[in-house]
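Beneath this line is the structure, given in structure tokens, with notes to follow.
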């Protein structure tokens, strides 16, 4: 009787010609036909090795290209400065390379069980495209954003639903009621709350600056700023080590423009959730409400913080460049002064940084949508570099930026149940169908383009910058009127997106 293969391996022949089995300690260990459950497969090891090698090659390529570019710079005075600038340039350009690699799918492979969704590539690529677009004039880059908002509004028009059976219709109505109670309406109210917080904070920025009399009473004896070790370190590195001027740093910051990287990432994230929310298992409205409440809570805490503890500005003559001097004595003029949008910030609204609350909220949202560790690293590197420049220029103390980022991440994590508690919404999201762009009539195009054009005129300051708050209030009243007369429709959603872009365009 023939033996099994694994028995043949262990079999031995004695002197009498009979077959005998070798002792247990002399048997060769057998190789199982299938690896045990939980053991790493050969494919997974190969995949990880491929990804590590690809990442190493990209980093080396970046280093070589950067070295060639830096070595040709005309202002390099020594080898030490060359190495310092190369090191700084390497870490500055690394998040761009990482975003591009994630967008191109360099680290993905065909053996992966979880395939990439389109937004996981498009959003990182949008980050790189935004950096390229930042080199264009403001009126052109803003026009591109407005066109994108209009196209998204037209592309997300709901398709008329076909008639269904009474049972299906009743189930859908029950789900829709749940969706209405936990989706659009609370998000709209949360947006109104956030705008109210922003307008209130804007007024108190003036209040805290006007009531801190040492900052303007005697121009010859202004309060000195507190010692900021973060700023001292940044200025030493930039001026002494890299030997760069402030103009060089500002140019670099404007070239990258982290704020608009985050805004463009936000826009594409909204598009992704609206179009393929079922595949992502996320819904637009709970996600939007989570982000809006995160920002509203952070700005409310910030307002209370800078009101109860007033710090001297890092720029001693800040008041004279931001507000009227001397302050108005009539109460009506005093209040009107506080209604002017403080788009460049105030002077003593330092704890906590408003800039940090906005950018950190957007960063939390975008990285949660893409859900790729390398892109998360890249985006937070962009944010950290932006904060370093903010501290270097003296707009905020280091602790203001640090607390803003930490606080927003904490609030974002705390409000996670807003999204995770939404059950049964995926059914409605999966059934969504949209009208094609080619079916849009000229009337539809004009209707969706109008609120976007109003937003554009304010962002590029065709409407004066001083009128920004009033424009927001008028636009908000129109949205509320639309909501009261027609209920929450997709066009109301489009108007809210335009309002959100206008608010970011003014306050960023």
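All residue numbers here begin at 1 and follow the chain in the order shown.
Glycine too: its Cβ is placed from the backbone N, Cα and C atoms.
Automated prediction, rather than curation, is the source of TrEMBL annotations.
Which of 16-35, 116-135, 136-155 counts as transmembrane segment depends on TrEMBL, and there it is 136-155. Per TrEMBL, the range carrying the annotation transmembrane segment out of 188-212, 213-237 is 188-212. Of the candidate ranges 82-107, 136-155, 188-212, 136-155 contributes the most Cβ pairs within a distance under 8 Å of the transmembrane segment (255-275).
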